[in-house]
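Below is one structure, written out as structure tokens; comments come after it.
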Amino acid sequence: MKKAKILSGVLLLCFSSPLISQAATLDVRGGYRSGSHAYETRLKVSEGWQNGWWASMESNTWNTIHDNKKENAALNDVQVEVNYAIKLDDQWTVRPGMLTHFSSNGTRYGPYVKLSWDATKDLKFGIRYRYDWKAYRQQDLSGDMSRDNVHRWDGYVTYHINSDFTFAWQTTLYSKQNDYRYANHKKWATENAFVLQYHMTPDITPYIEYDYLDRQGVYNGRDNLSENSYRIGVSFKL
């Protein structure tokens, strides 16, 4: 009930200012992870405002990918994200923001700051640092109850190929702060995501995505499996 009230409040915030808001976007995505033999679905609603604010809410559902003691995550989760764009000039933008993640395990907060550079009209770069702090404790490798907090660095490249296609690459490095390990048996892990969007109409954009997720696969009690993610989705301007 408490979570529902929070999400209702965020939705009200996102859609209560039509005079200054841009078009909202609905993103529907499905995916499959080869190492974990897992399926995912995601629904995401986002909206930006002309005064610099941006907000989103998304819901993720998995099958049994996390049905393993070595994987500290939940099968279903909801997250809310808010950021504010500060224009430094015509090319550079700083975006401080906050991501709040709700799951059956508890709540995670992810304050971040992102720096974006519009090199040209068609080519854009970005870097972001985020600190994921968990409001709940989990057993660490020493058997103690601690917080599995994470430092996260992201890099972004977006290239507008032509009026029909856009290509994007996101690279991510995770580093655990305390005595925990990823499924690759290390304190750090990497991810690389490659996305190709097709602008079918001004309001409808289907896309495909391939991610290499390091050796983070978990399946039937085994971990350290090579993990590939294949996704397909479509976004709609509402």
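Numbering starts at 1 and runs along the chain as it is shown here.
Using the three backbone atoms N, Cα and C, a Cβ is placed for every residue, glycine included.
What Swiss-Prot lists as signal peptide is 1-23.
According to Swiss-Prot, the topological domain 'Extracellular' annotation covers 33-39 (among others), on the basis of similarity to another entry. Looking just at the topological domain 'Extracellular' (33-39), the mean pLDDT is 92.
Under the heading topological domain 'Extracellular', Swiss-Prot lists 62-76 (among others).
Helix, strand and coil residue tallies for the topological domain 'Periplasmic' (87-91), in that order: 0 helix, 1 strand, 4 coil [DSSP]. Summarising the annotation, Swiss-Prot assigns topological domain 'Periplasmic' to 87-91 (among others) and lists similarity to another entry as the type of evidence.
Annotation source Swiss-Prot lists topological domain 'Extracellular' at 103-107 (among others).
The feature topological domain 'Periplasmic' is assigned by Swiss-Prot to 118-122 (among others), with similarity to another entry given as support. Sequence-distant neighbours of the topological domain 'Periplasmic' (118-122) (same chain, 6+ residues past either end, Cβ-Cβ under 8 Å): 90-93, 159-161.
Remote same-chain partners of the topological domain 'Extracellular' (133-151), defined as residues 6 or more beyond its termini with a Cβ less than 8 Å from a stretch Cβ, comprise 72, 105-111, 174-181. The feature topological domain 'Extracellular' is assigned by Swiss-Prot to 133-151 (among others).
The annotation topological domain 'Periplasmic' is assigned in Swiss-Prot to 160-164 (among others) on the grounds of similarity to another entry. Within the same chain, residues 121-123, 198-199 sit at least 6 positions outside the topological domain 'Periplasmic' (160-164) and bring their C-beta atoms closer than 8 Å to a C-beta of that stretch.
Long-range Cβ contacts of the topological domain 'Extracellular' (174-190) within its own chain (Cβ-Cβ under 8 Å, at least 6 residues beyond either end) map to 70-72, 138, 140-142, 144, 146-152, 213-218, 223-225. The topological domain 'Extracellular' annotation in Swiss-Prot covers 174-190 (among others).
Within the topological domain 'Extracellular' (213-228), the DSSP-based counts of helix, strand and coil residues read 0 helix, 8 strand, 8 coil. What Swiss-Prot records for 213-228 (among others) is topological domain 'Extracellular', and it gives similarity to another entry as the kind of evidence.
The transmembrane segment annotation in Swiss-Prot covers 26-32 (among others) and is backed by similarity to another entry.
Taken from Swiss-Prot, the feature transmembrane segment applies to 40-49 (among others), supported by similarity to another entry.
As annotated by Swiss-Prot, transmembrane segment applies to 53-61 (among others).
What Swiss-Prot lists as transmembrane segment is 77-86 (among others). If you look at the transmembrane segment (77-86), the same-chain residues 6 or more away from its ends with a CB under 8 A from one of its CBs are 3, 6-7, 10, 52-60, 93-103, 112, 114.
Marked as transmembrane segment by Swiss-Prot: 92-102 (among others). Among residues of the same chain six or more beyond the transmembrane segment (92-102), those with a C-beta under 8 A of the stretch's C-beta atoms are 3, 6, 54, 77-86, 108-118, 130.
Swiss-Prot lists 108-117 (among others) with the feature transmembrane segment, giving similarity to another entry as the kind of evidence.
Beyond its flanks by at least six residues, the transmembrane segment (123-132) meets 99, 108-117, 149-160 of its own chain at Cβ-Cβ distances under 8 Å.
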